Every structure is written in structure tokens, then in C-alpha cells.
Amino acid sequence: MNTGTPGTHGATRPSARWDTMTGFLLCVRFILRRNWLRLLVWAAVLAVMIPVVYDSQQQAFPTQAARDAYAQVANTPAVAAMTGLPYAAGSLGGILVIKIWMTLAVALGFASIFLVTRNGRADEEAGRTELLRSSALGRHAYSMANYVVAGGLSVLVGLLVSLLCLSVSLPVAGSWVMGASIAGTGLAFVAVAALCGQLSTTSRGANSLGVAVLALFYFIRAGADLQTHGTEVSPLSWFSPIGWAQDMRPFGQDTWWPLLALVALTLLGCALALRIETTRDLGMGLLAERPGPSRGSAFLASPVGLVLRLERGSLIGWLLGAIVAGAFFGGVAKAMTTALDPTNPFAKAFMGNSASVLDGVMSLFVMFNGLLAGAFAVQCLAGARGEEANGRLECQLAGALSRSKWLLAQLLVAAVGSALMLLIGGFLTGASSNGAATGRDMAAASLGYWPAALLMTGVMLFLHGFLPRLSVSLAWAVYGLSALIAMFGPLFSLSESAIKATPFGAVPRMPIEDFALLPTVDLTVIAVVLAALGIWRFRTRDIVPE
Amino acid sequence: MSSSNLAIEVTDLHKHFGKTAALAGLNLQLAQGSVGGFLGPNGSGKSTTIRILLGLLKSDGGTATLLGGDPWRDAVELHRRIAYVPGEVSLWPNLTGGQAIDILARLRGGVDYAKRDELLERFGLDPSKKARSYSKGNRQKVALVAGLASDAELLILDEPTSGLDPLMEQVFTECIRKVKAEGRSVLLSSHIFAEVEKLCDTVTIIREGQTVEAGRLDDLRHLHRTVVSVVLDRDAAVLATVAGVNDLVTDGFKATFTVGEEELGGVLKTISTYSPRTLVSSPPSLEDLFLRHYGGAGRAQLTTTQVAGAR
């Protein structure tokens, strides 16, 4: 390692620098052992989107003439804001980028954040890191292994994306840039998550902070892409690593150098995180703990009061998310009203057979509000299983609290919270759209997704009753699949009736479609039945901690 | 004992987790107003029994009665009359210890602030600190204060002093004596023999989900042999022929042996003819009783039990 410093300390000093990495490979193997299935699922689900979406686009735009026609109308503010500037919409590769690049990059960002937190701060919070660090393990070995494994997922996904692009005979240079740009985004968020894991003392805090940073970077680049006319890059996009990756422009200019910036950001971020790890105590964050109230009120001790207090941070976060998303959607709609000519026949063809292209986009935004509310509902009730898993429920039930009362309190917060998110997000979507729609109409349209959000609570309660240990993962899987089909159903060449058979797909797409009573009632009834079965089972089963 | 004055009555209790039998015919009785020790190695079914008594688990067979009610069916009503202190306390990391105490106390019925604050003082616990910064001992104190501040008829304590320092154990002992003086009942699951010997009227020892020994501590001692150490004026090997002497170990003039209650008089008479220089006789300690059931056939057996019982 060192070519010999003279002096008495010469024998020990040189290796001291590397001592902090002792056991690194062991940690890598350990983390892979604990996460291999999770990693494989992430990699497979993300990569498989490439051939699926490519196939559907090949069918949608079979001829060059069709692609050229699409290129004429692709550059709408909605497309720019949601998925980036369509700089090469006349080629299959460029269309692939429009349809799937942003989804893959953002999803990989989420994967990086969740993985790094799960193996990093969550373990430290639970005290498992202490056990590891007490053995002959270097101070940074475990964290470094964590970052390397999470980064490895990004590289793997990038590689798979590139190979799958090549396998459908897309241009070679573009295929490699496509994979590299997605991998680069994932890597950048490994660094973001590494820093969040050092700053926050809880895994929940680390995840929330990471997701907030991701949302911030997403909105910065959305603002940048909305600002520009044509396909020139706005300087604002340089304030977001997602913007850097976008500007690699696969199947367009195929620029490689922004990847260097992304890798540099990754290395700097991880190095800084390790530096913080050196200076802080195990189990602590940089944000110090303040003393709190020494007494608990009667409200805090009520089932609803306790849920509200425990979920306080998360509730505020989700409501803020709904507000930001609503305002953002409204802003995009506003930009569209000025940019789009609703009589354009191409626009009509792509946005649906409605009188107003705008209505099509608005219905999409309304659905996003619905998906956000559904995610909140799942997360909120997953907290109930969390209370059971970590043993805190036992102490509560040892008091004079019935199981159904406890669970109904959790359900109440999930149901009312999701309704609030829908109303606020919907109202802001309309109110900030500068006349594209009214706040009242959009709030009502968003509330149309409440039965779907309730169905998510029903699914979670049902699983919580019958398969408590698997309930959280399975509920997220059900949600993820439902959301994926609602958003990309047509891209997957699913029939309309198949999409209508899924929770979010079943909801009438107001304002482009009219309100329909039947699906609303259907969703509600299924939700109530699932929830009732789940609650009944929970009342009659053993309490099972982790 | 008529069942009306029993705080806890468990008969032939069974519980399976998959193929593992956690309880296989467990019996447990606790008279009202008494303190009952509940002993057994790790994984022998103590916590499972307690969790059935709390209505958190449903038994697969046998009967369990708590304060005259069914612990599963009448859970909510019964819980107003009991207090529970778990051995492994998990608290809400972002709430303070004081908040956690009040939540647990209010769930049972209400907070007696005078009693609560006095206990906080005695246990030396800062209630304004967030639970995530508490050590194991301090988390344990939170559960103890919440439980002891109540006026519950029955306290169910599952290894309540794990993680406490000796001073705090002393405070705990005083608190339990006070509870007993007030005529309330306590079920105390513990590994600390001294604690159980000090506090408990009755003891139930279980192994692999079955009760192997139960009764008043004094009675149990009567059933077991007294340990005698003597130094004689001649080679102690002569004791080998004396009727009633068991487990004899000799070392020159010195000898240690055990002797049953009935034979003690006869044995002492014989020994007196050997003009003993010293004679120490000690009653069997709880630890002896315990080890007799777990270590009797050798330590290996105990280890196997622990492995088999753990899930």
C-alpha cells in the first residue's frame, strides 16, 4: 500500500489509512445476501420496460411518416414537463426516450434511495450496525459496501437497458448512451441517499429527505424544460443531476461528458458521507435531538391521536407533496393553454378523442393525484403493521384497547388523509391552471379516485389480516402493478377492458370522461369487503411480531 | 384453593407455532394478593404463557382464567384491571419517555401524576428525553413506571428488571413489596433467583412448555434435600455406610452430602459419634431447585432444551 515511510511508525501507519475498509468484501457479500432478490426484482422490472415499450411504439408508429407526424406535435409543454424535451421524436429511439426514459431514471433514483437507507440508516437505527462494527470491521467498510452494492444496481440496470436496446436493433451509440444516462441518474441518487443517511437519525427521515431531494431535482428540470422553446437546453437544467443525464440525449446527440459530471457527483457525495461518518457517533445524525414534552395528553393517548402524532411528519410531507404536485400540474396546464392549438388534428389523435386536448392532459394529472393518494394510503396502513412488527402494539393492546378500535383509527387516518390529498391536489391543479379548468371541478375529479385509494387500504388490511409478515411488500407490489397499468397500460398494449379491471384504471378519467357511478360503487364495495375480512381476521389471529 | 380467589388459573395449556409445540400442558396458579415467581430457561414458554394471558395469542387447548375472566374474549375489560411490563420494551423513537408512560397509563384508564412523578424520581428517569436516546435500562424503566404507577389488581411482569442496575433493582423490590402490602397480585417471570426468593410466595418452574414444579417456596424446599458440609475427626469415607446420606463427596476429613428431611435426625445422630469439628447445613436454594430440574442430568441437556425451545 505504501512504499515505506521511514521511522518507528512506518510499519503501522501506512495501513491505518486502509484499516477503515477492513472487511469491505465481506460486507458486500453480506449485503448481497440480504438483498439479492430485491436487487433482481428492481433490475428485471426496470429493464423489461425497454422491449415492452419499444414493441408498442413500433406498432403505434410503424412508418417513418407516422413518426415524422408525431414529431410535429410531440413538443407540448406537458411532454416537456413530465418526460423532458422531445429532441428526436422522429426516430424510434427518440420516441422510446420520450415514453420511458424519465420513468426509468426516476424509478432507479427511488431504488437507490430505498436501498441505501434500508442497508444503512435503518440498520444503524435498529442497532445491527453496532453489532457489526464491534467486530474486526473498518469504520467505512460497511457504508462503502452499501454504496457500492446500490451503485452496482444502477450499473446493472444501465447495462441491461443498453443490451436490450441493442437487441431490438436500435442505433449502437444511442443504446449505450441510453443505458449510461439512466445508470448515471441512479448513481447520483446513491450519493444523495448516502448523505441523507448521515444527516438523519431515522430510516424514515433518511427516505423522506432523499425523496424530497429527488422531487426537487425533478421539478427543477421540469421548470427548465418548460422554459425553453424548441429543443435547446435551458441553463436551469444544470441545477439538477436528472437534467445532466437528460442532456446526454440518447439517440440524439449522444453526448458522453455529462456522465463524468454524474460520476464525479457520486464520488464526491459518497466521500462526503464517509467523512461525516468519521466525525459523528454511531447511531447519531448531524441534526441533534431536542428534549420533548415530559407528559402525554389524553388526545395523544387516544388511538387516532397517537396515529396522527406518529405519522405527523409523514402526513405533512404527503400533503406538501400533493400541494407541490397540484401546483406543478396546474402550471403545466397553464403553459399548454398558451402553446397548444386545440384544433390541431395530430394533437387530437394523440391525446384522445375529446373535444379538448387539454382535458386529456388534465385527466392525466388528476390520475397522478389519485396515484399519490393511493401511495399515501398504503404507506399509512403499512405503519400499522410496523407497530405490530416492532412489538409496540403489544403494549398498547395490554391496555384496555380493543384490536378493532386500534386498527380502525389507522384506517380513519389513511382514508381521511387520502381524501384531503385528493381535494387539495385537485383544487390546486385547477386553480393554478389559469382557466384551463376550475379548482372545484378538478377537486371533484380527483376525489373520483378516492374509491381506488380506499381499495388500496382494503388490500393492505386484508393482507395485514391474513399474511401479516408479507403484507407490506405485497401491498406495495399490488399498488405498483396497479399504478403501472394505469399509467402505461396502453404502452403495454393492454386492452381497454383489462385496464378498466384494475383499481386506478377503473376510475372514470374525468374531465375527459364523465363521472360513472358503477365503477365507483364497485371499487368501494370491494374495498369494504376486503377491509372487513382483514379486520375480522386480525381480531381472531395471534399478534405476530417480526 | 377455590378458583374464586385465584388471580390466574391456567390448566393444561397448549400452544403450537407451526410444528413447534411452545406449550404442552402448562399449569399455573396465582392466588389473589400473592406474588408468584415464574421460572424457566430461555424459550421454555414463559413469554408465550404471558402473551396468552394478555389475549395477544390464542391458546390451542386447555383453559386460562385471568381475574375470573377469559383472557381472549374479555381482553379489553380485563386489561383495565391489570398492568403489564414486557421484558423487551420497544418505544416510539420520536416520542419522549414521559409521553410513552402517559400513553400506556391512559390506555389502561388514566394517569396518577403524583404516583408517576414519584416513581420517575425514584428510578431517576428523565421523561423529557426522546425514547430513541434511551438505553435498554431506561426503556425498561419507562415500562416499569407506567406499570407501577397504576393501581391494577394484578401486575404481570416479564423479566422486568433486565437491564436495570442493582440500585434500581432495589427500588423495584421495594415497589413490589408495597404492591403486595396493598393486597394486589403479581406474576413475576424472572431469571434472578435472589429476586424471586426475596419477593415470591409461590414458584412455578416450567420446562419445554410444561410445569415441572409448583408450590409455596417453603414447601418446595421441604421436598428437597438439605446440603450438609462437615469436618470429622477421621476419614470422612465412613459416612458412605450411613443410611440417608446421598451425593457424598469426601476429601480427607471433609465431606459434603445431601440428606432428606426424614433422615436428617438419624444422620446427625450418627455424625455426632464422629465428633464433628464443623457442621454447616443449608436449605436448598431456589437455584438448587432450578438446576435440579435443568442441570440434574448434566449441562448438555439444558443446552438442548434451550435450542429446541427457541423459535
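Cβ coordinates come from backbone N, Cα and C, glycine included.
The following features are taken from TrEMBL:
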- A:36-54: transmembrane segment (TRANSMEM)
- A:92-116: transmembrane segment (TRANSMEM)
- A:147-170: transmembrane segment (TRANSMEM)
- A:176-196: transmembrane segment (TRANSMEM)
- A:208-224: transmembrane segment (TRANSMEM)
- A:256-274: transmembrane segment (TRANSMEM)
- A:315-340: transmembrane segment (TRANSMEM)
- A:360-385: transmembrane segment (TRANSMEM)
- A:406-428: transmembrane segment (TRANSMEM)
- A:448-467: transmembrane segment (TRANSMEM)
- A:474-495: transmembrane segment (TRANSMEM)
- A:515-536: transmembrane segment (TRANSMEM)
Range from A:92-116, A:147-170, A:315-340, A:474-495, A:515-536 with most C-beta pairs under 8 A to the transmembrane segment (A:406-428):
A:315-340
Below 8 angstroms Cβ to Cβ, which residues of this chain, lying six or more residues outside the transmembrane segment (A:474-495), approach it?
49, 52-53, 55-57, 59, 99-100, 103, 367, 371, 374-375, 378, 381-382, 452, 456, 459-460, 463, 467, 502-505
Count the CB pairs under 8 A between the transmembrane segment (A:315-340) and each of A:36-54, A:208-224, A:256-274, then give me the winner.
A:208-224
Report, as numbers and ranges, which residues of the same chain sit near the transmembrane segment (A:208-224): CB under 8 Å and 6 or more residues beyond its ends.
80-82, 84, 106, 109-110, 113, 116-117, 189, 192-193, 196, 199-200, 233-237, 239-243, 246, 313-314, 317, 321, 324, 328, 332
Top partner of the transmembrane segment (A:147-170) among A:36-54, A:92-116, A:256-274, A:448-467 - counted as Cβ pairs under 8 Å:
A:36-54
Positions on the same chain near the transmembrane segment (A:36-54), where near means CB under 8 A and six or more residues out:
92, 96, 99-100, 103-104, 107-108, 111, 115, 149, 152-153, 156-157, 160-161, 164-165, 167-168, 170, 488, 491-492
